[in-house]
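According to TrEMBL, the protein has these features:
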DOMAIN    14-68  domain 'HTH cro/C1-type'
TRANSMEM  93-112  transmembrane segment
TRANSMEM  124-143  transmembrane segment
Amino acid sequence: MTNKSSKEKIALLIKNARINRGYSQQQLADLVKLNLRSVQRIENAEVLPRAYNLNLIARELELDIAVLKEESNISDTAEPDQINNTFNKPRKLILSIGIGLIGILLIAAFLSQSSGFPETSFELFLLLALVVVVYGIILWTIWRS
């Protein structure tokens, strides 16, 4: 989404503003509560700073945050959406498999302990159908979004 030139432009703007204010990299890092290595990577265009860090740096160096955000093509809400989309599928998969296995174990435990149930194979099939329907509803609620 962001290319190398936008990282370089932001790095140059931040570095020039820091030098004009007479701050060392360590002083800027202390003021915005980042570590020195983070400031170095931002100024060397190794990384594109997150929106929160960009706001802190811009506020401290009295830079126009709108210009920096325009250069970086980032927004405050882009990150959480990306994180949710990245981690949802594995979590949903683990949850789906885990619930299925736990359901199988619980039904097996119930059937092994019950002396009077099921009396007929029809009752067993009704129980299995109910379990499949309930499991299907659970899976639908997990995977619908």
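Residue numbering: from 1, along the chain as shown.
Cβ coordinates are placed from backbone N, Cα and C, and glycine is handled just like the others.
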Other parts of the chain folded back onto the transmembrane segment (124-143), taken as Cβ under 8 Å at six or more residues beyond its ends: 92, 95-96, 99-100, 103, 107, 118
Long-range Cβ neighbours of the transmembrane segment (93-112) (under 8 Å; 6 or more residues past either end): 118, 127, 131, 134-135, 138-139, 142-143
Residues in the domain 'HTH cro/C1-type' (14-68) grouped by DSSP into helix, strand and remaining coil: 39 helix, 0 strand, 16 coil
Model confidence over the domain 'HTH cro/C1-type' (14-68) (mean pLDDT, whole number): 91
